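Here is the structure we will look at.
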Amino acid sequence: MGVGHSSLSSCSVDSLCIIAFTAQPKTSSFSNSNRQKPLFPTKKHSPFAVLKIGTLNCARVAGEMEIGKGIAAAGKPIVDLHGIDDGLIQKIVYDALVWSSLHGLLVGDRNDQRSGKLPGVGMVHAPIALLPTSFPESHWKQACELAPIFNELIDRVSLDGKFLQDSLARTKKVDAFTSRLLDIHSKILEMNKKEEIRLGLHRSDYMLDEKTKLLLQIEFNTISSSFAGLGCLVTDLHRTLLDDYGEDLGLDSKRIPGNTATGQFAEALAKAWTEYNNPRAVAMIVVQTEERNMYDQHWLCTVLKERYNVRTIRKTLAEIDSEGQLLPDGTFLVGGQAVAVVYFRAGYAPTDYPSESEWRARLLMEQSSAIKCPSISYHLAGTKKIQQELAKPNVLEKFLESKEDIAKLRKCFAGLWSLVDSDITKKAIEKPELFVMKPQREGGGNNIYGDDVKETLLRLQKEGSEEDAAYILMQRIFPAVSPTFLIRDSICHKDHAISELGVYSAYLRYILVEQGECHHE
């Protein structure tokens with residue numbers, strides 16, 4: 001998930017997060033589960049970050065990050081690519097391909113129709129950047145410090161049903177997908193259903209603006225934050241390559257931070273599963289009917305089983321509708337198995353709901369006592385419109401008390417506007433290259449750039465409809481462009497690319513009931 005903003009005039013960079021590293025590798029964010037304190041202390045989260053790379057021709061690739069003091073800008077090459085011998089590059093590429101094949105750094109081959117349905121069929125290496133990319137240490141630390149603040153914010157926003165419904169009311173009239181999500185949310189509100197255990201596996205995406213040197217947030221992902229699994233492998237791959245070739249390249253593998261993204265996501269899921277308190281229950285991964293990124297998901301499931309003995313099942317929304325059963329006490333059964341945790345790796349796009357069957361499944365899960373990751377309220381809290389609403393003056397103060405935390409969040413906010421703002425709409429028509437139009441969609445490839453921004457705004461004005469409520473306007477961010485080596489389909493080529501930083505974080509809250517009192521920690 002996650003679309004970066006290219007500095008090109010007409011290209012929307014569709015880049016995937018493939019690598020991750022721990023921001024605080026010596027500090028665990030998880031306390032032992034007990035009834036005296038939160039499972040995830042509010043100020044002690046340990047986020048893990050990822051550097052995403054997008055090429056100018058919109059190819060999907062992955063890259064590693066090196067951090068260090070004194071690095072001028074994100075995405076700057078850490079070695080002179082023009083000075084590297086072609087023969088050396090070919091050796092490194094060969095070793096990278098062998099390592100990826102042996103260690104499961106894989107995706108399904110889009111040329112094999114079965115690769116998205118059956119594991120072990122049509123596997124190819126994930127598209128990757130051959131060498132690490134630099135990123136300023138100060139901005140990396142800033143992004144990691146923001147993670148627990150954003151987690152707390154999203155949790156509190158999710159509890160304000162009126163704010164979510166009111167903020168998305170205009171969007172609901174013109175966006176059928178958002179409307180259906182809001183309908184489910186309304187039904188849950190009418191049930192007065194309380195989510196006693198709330199789990200979020202998030203990723204906040206940023207770009208470092210080349211001109212202002214400001215780290216600006218692109219979006220906050222609350223559903224299907226992917227590539228924690230394969231990301232760990234790219235970290236290991238790059239460290240291995242630098243161990244072997246670092247002296248020739250003038251690079252030190254020790255500068256690549258450690259990476260425990262998969263383990264920490266798995267630990268969060270395991271903690272939630274434990275709190276559900278049914279050792280026979282499973283964790284269910286909600287998947288698409290064709291999923292070529294299944295190995296990223298399987299890595300997470302493997303760690304869950306091997307470290308925590310948590311069994312997982314994979315089901316599509318249609319299968320859940322067919323096999324799902326809600327018992328009177330709220331227990332959710334799928335194929336006769338009790339489900340403790342529902343982890344969504346699908347359900348974030350209209351294409352995931354081709355019929356009423358899928359919508360029935362989504363409602364059934366929300367009505368159950370299973371822990372949803374995310375719940376419908378967390379899903380809505382991560383929409384573009386809510387991101388824009390939170391950027392308005394005095395809105396953050398409704399949800400957060402700390403002035404220091406509020407100031408930190410505002411510092412990373414890019415310009416965000418509703419299309420009802422006639423002044424900003426006029427500016428966007430006059431200088432469309434400075435703006436991005438974003439619909440209420442996840443998964444990439446939906447944003448509008450360049451002259452298309454102008455044409456779309458003029459069309460909306462001419463039609464005079466309320467379709468403008470389906471979009472927000474965002475300041476376009478211009479990160480540094482730098483050369484890099486990219487490998488796709490076993491072919492290495494040098495290209496110019498931009499970088500995007502994503503920070504993963506996990507959040508788990510529960511309501512404590514003791515002696516007739518309800519405690520929220």
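In case you wondered, yes, glycine gets a Cβ from its N, Cα and C as well.
Because TrEMBL annotations are produced automatically, they should be read as predictions rather than curated entries.
Features reported for this protein in TrEMBL:
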| type | residues | note |
| --- | --- | --- |
| BINDING | Arg203, Gln297 | substrate binding site |
| BINDING | Glu219, Lys384, 438-447, Tyr449, 474-477, Glu500 | ATP binding site |
| BINDING | Glu219, Asn221, Glu442 | Mg(2+) binding site |
| DOMAIN | 282-381 | domain 'Glutathione synthase substrate-binding' |
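Candidate binding-site residues: Arg203, Asn221, Gln297. Nearest to Tyr449 (ATP binding site) by Cα distance: Asn221.
The Cα atom of Glu442 (ATP binding site) lies nearest to that of Asn221, taking the binding-site residues Arg203, Asn221, Gln297 as the candidates. Ranking the binding-site residues Arg203, Gln297, Pro439, Gly445 by Cα distance from Asn221 (Mg(2+) binding site) puts Arg203 first. Remark: secondary structure over the domain 'Glutathione synthase substrate-binding' (282-381) totals 43 helix, 26 strand, 31 coil, with classes taken from DSSP.
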